[in-house]
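One structure is given here, and the rest of the page talks about it.
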Amino acid sequence: MKTTKFNIENLDLFYGENQALKSINLPIPTRQVTALIGPSGCGKSTLLRCLNRMNDLIEGVTITGKLTMDGQDVYGNIDVSDLRIRVGMVFQKPNPFPMSIYENVAYGLRAQGIKDKKHLDEVVERSLRGAALWDEVKDRLKSHAFGLSGGQQQRLCIARTIAMEPDVILMDEPTSALDPIATHKIEELMEDLKKNYTIVIVTHSMQQARRISDRTAFFLMGELVEHDDTQVIFSNPRDDRTRGYVNGDFG
């Protein structure tokens with residue numbers, strides 16, 4: 001396995017009295033796609049949100065155990081805003097801001113006080129190219145982002161994320177609201193993005209996990225049942241529960 005970006009050790013998470021994650025131990029490799037799979041409510045999205053401390057925003061959450069990124073304690077004395085720049089997130093439904101295509105991508109930089117137009121122009125173009133969207137929008141950058149198709153909006157959100165130069169991109173079912181053609185474009189994009197970023201994706205699609213991920217982790221009722229190379233998980237899993245899930249015996 002490649003070098004480890006995240007290392008998760010004995011992680012427990014509670015929503016009040018309800019335990020959502022149970023003693024999770026999982027290494028996440030650098031510059032690969034790691035897919036988190038399992039039935040609804042199994043804890044995969046909860047774990048994803050631990051990686052950039054989005055769960056901090058939920059009242060009553062308690063987390064124990066250890067989670068490090070490049071050896072640094074994610075739940076230690078760190079700047080959470082900086083963490084969420086380094087660990088960007090793309091959500092299930094495209095969520096462009098109510099502004100132009102250009103300003104969507106430039107938004108984070110402007111929020112950091114960057115005003116130099118040449119620099120902004122360069123980052124916007126580079127980010128849109130990185131999200132495989134530049135050729136489709138380069139002649140209408142001042143147009144409202146809501147005029148884009150759903151698939152284009154999701155790639156715009158990816159461009160907005162990579163404009164901040166993160167180390168990691170988290171994706172929470174990023175294609176579930178998209179048609180097959182748009183889904184295919186996002187999947188192709190992930191293959192290219194992993195050359196520069198560590199990607200962790202939650203998906204309900206077994207076919208998608210098999211197509212796009214290098215590693216797969218299977219969750220069930222808050223437990224990590226097993227994790228391995230994706231080919232192993234789908235062809236020769238160690239646990240009968242994993243075999244049953246990937247074969248469609250339950251969902």
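Each Cβ is built from the backbone N, Cα and C atoms, and glycine gets one as well.
Marked as domain 'ABC transporter' by Swiss-Prot on the basis of sequence analysis: 6-246.
The ATP binding site annotation in Swiss-Prot covers Gly38, Pro39, Ser40, Gly41, Cys42, Gly43, Lys44, Ser45. The secondary structure of Gly41 (ATP binding site), as reduced to three states from DSSP, is coil rather than helix or strand.
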Within 8 Å of the Cβ centroid of Gly38, Pro39, Ser40, Gly41, Cys42, Gly43, Lys44, Ser45, the other same-chain residues by Cβ around the recorded ATP site are Thr46, Phe219, Leu220
If you count the other CB atoms within 10 A of the CB of Gly41 (ATP binding site), including all protein chains displayed, you should get 13
Most Cβ neighbours within 10 Å, among the binding-site residues Gly38, Pro39, Gly43, goes to Gly38
Within 10 Å, the Cβ with the most other Cβ atoms among the binding-site residues Ser40, Cys42, Lys44, Ser45 is that of Lys44
